[in-house]
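Undergrad: Okay, these came from TrEMBL:
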| type | residues | note |
| --- | --- | --- |
| TRANSMEM | 21-45 | transmembrane segment |
| DOMAIN | 56-181 | domain 'SEA' |
| DOMAIN | 307-424 | domain 'CUB' |
| DISULFID | Cys430-Cys442 | disulfide bond |
| DISULFID | Cys446-Cys461 | disulfide bond |
Amino acid sequence: EQEEDANSLSKDESETNSRNYLRYVPLGIAFLLLAGAAAATWYFLDYRPWHLEPAVLQFYSGSLQVLNRQYSPDLGQVESRAFWLESAKLQKMLKELIRATELGRYYNSSTVYAFGEGALTFFFWFALQIPESQQKEVTAERVNTTLHQELSASFNSSGSLSYQTEYRVNPDSLVLLESSVKDIVVLKSTLGCYRYSYVQEDDVLRLEGPDYLASSCLWHLHSLNGYMIKLRLEWTLPDCRDRLAMYDAAGPLEKHLITSIYGCSRQEAVVEVLSSGPVMSVVWKKAMYSYYDPFILSAQAVPLKACKVNITLREGLELQGKISTPHYPSYYSPNTQCTWHMTVPSLDYGVTLWFDAYALSRQKHDLPCTQGQWIIQNRRLCGLRTLQAYAERIPVTSSADITITFTSQISLTGPGVQAAYSLYNQSDSCPGEFLCLVNGLCVPACDGIKDCPNGLDERNC
């Protein structure tokens with residue numbers, strides 16, 4: 001009987017336990033389903049986009065100022081111990097800064113490659129590995145804004161990250177430019193012959209020539225805010241095959257190319273090139289044959305020059321003055337913005353701009369002007385370097401005021417532009433001569449010589 005009672009009790013207990021287990025089965029199934037759904041969501045929304053979707057490396061170049069550090073000559077020597085110690089710490093700081101933002105999931109690599117004068121400015125590049133589907137959203141503007149916001153938020157706070165404790169960074173000093181693999185490859189190829197120079201105010205700095213054991217060299221020029229750099233290139237040989245390229249940035253960024261000059265230019269034995277601000281870089285590329293000092297480089301800091309002038313013309317048809325881009329005859333800078341307001345003595349007159357080896361023509365509105373954009377009385381014209389003289393005649397109708405603007409639409413620039421100005425009589429533009437509408441010049445009519453490119457001066461004679 002005791003055995004039967006015990007068996008009966010154990011059977012009741014097992015049935016009770018079974019019922020209890022069965023009660024938790026639905027909960028377990030629900031838990032597994034939720035876990036599976038969470039895993040699937042994570043896989044498709046997080047893991048798959050960042051790890052399985054094809055990604056593109058996007059490069060950025062820039063600079064940042066550290067307020068509690070000062071530049072020292074050792075930091076200008078890439079091979080020095082001071083350079084490597086400081087660059088390693090700042091590289092770690094840059095990595096922590098990026099990873100502290102929403103960009104952290106894209107972070108790939110970063111490098112600090114140079115330092116600048118004054119409160120220590122360091123120059124860097126970094127790479128973000130961005131899924132193809134996110135590439136359009138992660139623009140240079142967004143990256144710049146994100147990093148600036150993070151720096152501003154941490155500027156007055158204390159944290160555990162190195163960029164919050166060891167370094168006091170000026171958020172407003174951040175400069176960030178979109179770069180490319182090609183830009184970084186060119187920059188890396190020059191680091192064996194990298195030369196940093198700080199260009200003082202009112203001083204002409206002669207730059208050391210290239211190292212001919214290297215295939216390329218880079219001169220990194222830096223000056224005060226409010227100034228731009230004027231580089232003077234003088235060829236010393238009648239013939240060579242070297243190449244020099246000037247950039248409106250701290251590195252050889254193709255989108256910021258100012259100009260590129262090949263092989264001892266005979267047309268321009270001396271060239272002066274302007275940057276748009278206090279930074280410029282110059283890259284020398286060795287030719288197949290080595291030449292001993294085929295050129296001389298010098299640099300000076302020149303103040304940013306306003307280019308906005310009011311001009312009142314007087315009665316008379318003679319030349320009355322000249323307008324030009326800042327620091328003419330230097331190449332105009334990539335951000336040139338000039339405005340000239342002219343007032344004529346009466347509506348009987350129009351204004352003529354006389355150009356030498358430069359002309360104006362119409363171009364489609366969706367295409368940029370590669371050699372300067374002109375807006376004259378709300379008409380858009382593009383500049384073009386030529387070998388002939390050209391005159392732009394500006395009629396005056398309802399108002400005695402004329403507005404002329406010149407802008408550089410792209411970073412690629414050219415020789416400075418200058419034009420003489422005078423009045424012309426609107427009722428008789430070319431007294432006793434023929435007005436050639438192609439180039440605006442007055443030429444003799446019916447003299448047996450086709451002075452006008454379209455030959456209209458010799459028709460109906």
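For all residues, glycine too, the Cβ spot is worked out from N, Cα and C.
Not measured: the values here are computed from a predicted model.
Show me how these features fit into the structure around them.
TA: On its own chain, Cys442 (disulfide bond) has Ser429, Cys430, Glu433, Phe434, Leu435, Cys436 as residues at least 6 apart in sequence with a Cβ closer than 8 Å to its own Cβ.
Here Cys461 (disulfide bond) comes close to Ala445, Cys446: these same-chain residues lie at least six apart in sequence, with C-beta atoms under 8 angstroms from its C-beta.
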Undergrad: For the domain 'CUB' (307-424), would you mind checking the mean pLDDT of the predicted model?
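TA: Average per-residue pLDDT within the domain 'CUB' (307-424): 92.
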Undergrad: Counting other Cβ atoms within 10 Å of each Cβ, which of the disulfide-bonded residues Cys430, Cys446 scores lowest?
TA: Cys446
